[in-house]
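Right, one structure below, let's go through it.
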Amino acid sequence: MNIYLVGGAVRDSLLNLPVTEQDWVVVGATPEQLLKLGYQQVGKDFPVFLHPVSHEEYALARTERKSGQGYTGFTCYAAPDVTLEDDLLRRDLTVNAIARSADGEFIDPYHGKQDLENRVLRHVSDAFGEDPLRVLRVARFAARFAYLGFTIAPETMSLMSNMAQSGELSALTPERVWKETEKALKTQSPHVYFQVLRDCGALAVLFPEIERLFGVPAPEKWHPEIDTGIHTLMTLAIAAQLSPEVDIRFAALCHDLGKGLTPKEHWPHHHGHGPAGVKLVEQLCQRLRIPNPVRDLAKLVAEYHDLIHTVNKLRPETLLKLFNAIDVWRKPERLEQMIMTSEADARGRTGFENNPYPQGDYLRAAFQIANGVSIQEVVASGLQGLAIRDELQRRRQQALAEWKQTQETPLI
């Protein structure tokens, strides 16, 4: 029996990146042998065991054969005669198919170390094409390692394109699509994930609402990049610089979905695209079963981001309506979320990437004024029921009106 460290831990250590979890493969052993040693079996479809002390995963070396559609349609064979090379052959990318023995020797039959040095993501074998989930995984790895200069091998991209055209992606469950997408949104360059999906044809299959934005023009005065799809990915890239939050990044991705509904005869203008996009956000989130908090912020950003761009010109009552709509009184974190996504939108344009966003400070100051109105004083005045709400609203509006008179109108 021989045990090897495999997969991401080997890859990340070779890249001098922190290793967060370790996976092991066991060659030349049976389930009975591992159970006798105190390992606990957890895998139902294939033999995976937890180490009795470290609780890390140890899997028996196995091969997989395609037996049905989708990413679950595989027959697994695990036995003592399966070699390490056999096990590594079934893995997705060469950089993930490197093993390290107990004495520190690397076993690298598919030249993963060379691809790591050359910063290339390349599939191990044509069996890659049997698992549609791998299209998303490669796009996610491209996003994760983009800052290190990694690119996808042309032959791998070609295979991914064939997979997107084959219809196999429809076998992916909504949960798996969102799980990979959520991981991609957490990377340093989440826009790369969606660009890769577009380049191989998968975006049109999985995210048609986003695909539809490419080729839709916006006025060159405000959008020198012109193309709304390009602007969307630029906005996502800026959002990733501003915040690690998935909610903010996803909202940035979806902020202009409504522009995909504008009739061509109205191009390049998109009046009412914000509210129009709310239904598309709902549709996308329902289809992929995206968590409600992520959905709710994306809907608010789609509807109100343009309003925030002109916040200094808003009347006190409109400012209050905005605060009420985003429920900032009960969810004060929403204020920063809305500001950051709106800033990402403003800066996600060619030539505007490093511009300040004074609207953010203006909105923060306005909220401080409105939030400074004492609820206790209103209650103590003897009012009851809805009259309390109406009086609080009146006082907040008055406070904002007085504050606005002291403000110079900045050029926004």
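Positions of Cβ are set from backbone N, Cα and C atoms, glycine also.
Residues or ranges marked as CTP binding site by Swiss-Prot: Gly8, Arg11, Arg91, Arg137, Arg140. The ATP binding site annotation in Swiss-Prot covers Gly8, Arg11, Arg91, Arg137, Arg140. The feature Mg(2+) binding site is assigned by Swiss-Prot to Glu21, Asp23. Swiss-Prot lists 228-329 with the feature domain 'HD', giving sequence analysis as the kind of evidence.
Taking the features listed in Swiss-Prot, we show where each one sits on the structure.
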{"residue": "Gly8", "record": "CTP binding site", "DSSP (3 states)": "helix"}
{"residue": "Glu21", "record": "Mg(2+) binding site", "DSSP (3 states)": "coil"}
{"residue": "Arg91", "record": "CTP binding site", "DSSP (3 states)": "coil"}
{"residue": "Arg137", "record": "CTP binding site", "DSSP (3 states)": "helix"}
Between the Cα atoms of Arg140 (CTP binding site) and Glu21 (Mg(2+) binding site), what distance do you get, rounded to the nearest Å?
18
An 8 Å radius from the center of the Gly8, Arg11, Arg91, Arg137, Arg140 Cβ atoms defines the neighbourhood of the CTP site; name the other residues of that chain inside it, in order.
Gly7, Asp92, Leu93, Val95, Asn96, Phe141
Nearest-integer angstrom distance between the alpha carbons (Cα) of Gly8 (CTP binding site) and Asp23 (Mg(2+) binding site)
8
Could you state the CA-to-CA distance between Asp23 (Mg(2+) binding site) and Arg91 (CTP binding site) to the nearest Å?
13
Distance [Cα-Cα, Å, rounded] between Glu21 (Mg(2+) binding site) and Arg11 (CTP binding site):
12
Cβ packing number for Glu21 (Mg(2+) binding site), 10 Å threshold
10
CB neighbours within 10 A of Arg140 (CTP binding site), counting all protein chains shown, number 23
Would you pick out, from the binding-site residues Gly8, Arg137, the residue whose Cβ has the largest number of other Cβ atoms within 10 Å?
Arg137
The largest Cα to Cα distance in Å among the residues Gly8, Arg11, Arg91, Arg137, Arg140, listed in the record as binding ATP, is 16
Relative to the Cβ position of Arg91 (CTP binding site), how many further Cβ atoms are located within 10 Å?
21
Over the domain 'HD' (228-329), what is the model's mean pLDDT?
93
For Asp23 (Mg(2+) binding site), the number of other Cβ atoms found within 10 Å of its own Cβ
16
What are the non-local neighbours of Arg11 (CTP binding site), defined as same-chain residues 6+ apart in sequence with CB under 8 A from its CB?
Val95, Asn96, Ile98, Gly112, Leu116
